[in-house]
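Asker: From TrEMBL, for reference:
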TRANSMEM  A:12-32  transmembrane segment
DOMAIN    A:99-314  domain 'ABC transmembrane type-1'
TRANSMEM  A:101-123  transmembrane segment
TRANSMEM  A:135-167  transmembrane segment
TRANSMEM  A:187-206  transmembrane segment
TRANSMEM  A:249-271  transmembrane segment
TRANSMEM  A:291-310  transmembrane segment
Amino acid sequence: MDVLRITFLRIVYSALLLAAVVVLNFVMIHLAPGDVADTIAQSMGGADAEILAQIRADYGLDQPFIVQLGQYIWKVLHFDLGSSYYYNRPVTELILERLPATLLLVITAQTLALVIGVVTGVFSARRPNGFLSHLVTIVAFFGHAAPVFWTGILLLIAFSLQIHWFPVGGMRDVTVTGGFWAHSFDVARHMVLPVFTLSTTFLALYSRLCRASMMETLGSDYVRTAKAKGLPMRSVVYKHALKNALSPVITLAGLQFSAVISGAVLVETVFSWPGLGTLAFQVIVARDTPTILGILFFSALIVIAGNLLTDLVQRLVDPRVRTGQ
Amino acid sequence: MSFLLKVENLRIELRMRAGVAPVIDDLSFELAHGESISFVGESGCGKSMTALAIMGLLPEGIGRVASGKIWFDGEDLVAASPARLRHIRGNKIGMIFQEPMTSLNPVYSVGEQIAEVLREHQGLSRKAAWAEAIELLDAVRIPNPETRATAYPFEMSGGQRQRVMIAIALACKPKILIADEPTTALDVTVQAQIFDLLRDLRRQTGTSLIMITHDMGAVAEMAERMIVMYAGRKAEEGPVDKVIAHARHPYTQGLISCVPHLVAHLTEERQDLNEVPGIVPGLAEFGQGRCLFASRCARATERCLTTRPEEIAFSDVHRSACWHAEGM
């Protein structure tokens, strides 16, 4: 099958890309001044050069750079991301523990942004001078201009501190008892503000793009043909215009996926969401190199998987992509 | 005699920044069952607007029927509800457009685009509509219709796409087929094929045809009667052979003399190829109480500049709106 062959090729390219990312990350972390020995010495309240050298020898930091790189790549190839200096646990274990929380946040925010963005985009395209259209434009500019940590903190003050609708932070309330549904509801309640904060920025982008793209397709010759066929308005708009208008939105969503993940770092920190973002923040401050590299590796993996998915969806929506025309 | 379509004193206004312009000004004509008429004129004369008005597809918020009636099968389409118009569009009146390259939806197979109209108007099931779509592709002479039905528009040539458009327009066996410059975007050999196809299908189905064109050759080939439009008004109307043999309007004469004639031997003296000097007036000038062609006309006199010409009949069927028609 053609689709399978191309998917396979894409996966091969993705693996090569991932290898490049691993090497680049390692080089960049190595270039940054300071290492874990400094942090450990600091937490001990200072240490002399001899103890520092001892710590470096313990962690293999005294080896030449190229040897360290070689050892790291060898380990990654065996799915071993090393062990955290700071938590004293295997990095993979640490990350896999945090990953579901981040994925839950990122995927919910991205889906919500896409769905609401497309719906408001379509409605405002049908009445480009209507109330909703202007509202979308204003909210879009606001949402895109406001940094996520600022929006997040304002929402916290308004909805958690003033009117107590939502919890201040975290993902679960330890006092909640009950079955699966009670816990799901608890997590959902904790998710509302972070998801809203994270999706606002992207919602604005998708909505504006979808509006512009819909306005173009609604004025196209094939939409006129659809009307001349006597099709109902719902079919003209959703079947004939929207499917064509979605193409640029899907492309953008794929490109923005990495931005959503980096936005998640800030949002997680603001709402103390127990995901990769808060972990990244902690280990960067602690100069925990193996964990930082591990998080970067997993982020790259998620972004690459997201792009692969975008490609496949794009091919489903637009037959012209299938033959490269 | 009863008419299938009768347009009475139609006035279509376009809203523009400078005000309202009548793109169609007091147009009346009739179309009999099975008849074929052709609208002729330069770009911007209101030919396409007439077609869109009949379809109820004037550009929303910009164009509207200001006055007049469009009688179709005893029903006034101007007063018809949107739902009623939707029932007529694509079902009783089919339309093909100028640009086959962009008139089909790029993301659906051509079979689906034909089957869709059958499901909508004839209530066919998915399977029956698809089978009928293949029949239609065969009828418009697309080879291997079963496999081509699954093809997407970008996999077809311009001529094939226009055949698909014809299949869509004729799917529900409409009483009228409107063809808005159906061959303008196609090359000459394909044009001839499309005309052949339209003629054959018309013979089989008895559909009336309204063809919009600026190609006099196409008129002579396809139509029984022609209406020459100029600046939103009817300039001349009559049977094609009569009008071409003896045009009673200087604009029609100009259009006819624009057509190049082939000569058998290169040694023969060739006639000069004429043009109609000047351009169609801007929309702002439409609707003025004078002959709008006067600025381009060699025969123009004082009267042409002050009074709008009335229609003069030369026989029951041949009419011209020119003050000098009788002297031509």
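First residue shown is number 1, and so on along the chain.
Cβ from N, Cα, C; glycine included.
Please treat TrEMBL annotations as automatic predictions, because they have not gone through curation.
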Asker: Counting Cβ pairs closer than 8 Å, which of A:135-167, A:249-271, A:291-310 has the most of them with the transmembrane segment (A:12-32)?
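Answerer: Per the Cβ count, the answer is A:291-310.
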Asker: At a C-beta cut-off of under 8 Å, are there same-chain residues at least 6 beyond the transmembrane segment (A:249-271) that contact it? List them, or none.
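Answerer: Cβ under 8 Å, 6 or more out: 102, 105-106, 109-110, 114, 117-118, 121, 147-149, 152-153, 156, 169-170, 193-194, 197-198, 201-202, 205-206, 209-210, 213, 277-278, 280-281, 299, 302-303, 306-307, 309-311, 313-314, 317.
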Asker: What else in the chain is close to the transmembrane segment (A:187-206), if you only count residues 6 or more beyond its ends and a Cβ gap under 8 Å?
Answerer: 104-106, 108-110, 112-114, 116-118, 121, 139-144, 146, 148, 151-152, 155-156, 159-160, 166-167, 169-173, 249, 252-253, 256, 259-260, 263-264, 267-268, 270-271, 273
Asker: Determine which residues of the chain contact the transmembrane segment (A:101-123) at the Cβ level, with the cut-off under 8 Å and only residues 6 or more beyond its ends counted.
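Answerer: 132-133, 136, 171, 187, 191, 194-195, 198-211, 213-214, 237-238, 242, 245-246, 249, 253, 256-257, 260-261, 264, 267-268, 273-277, 302.
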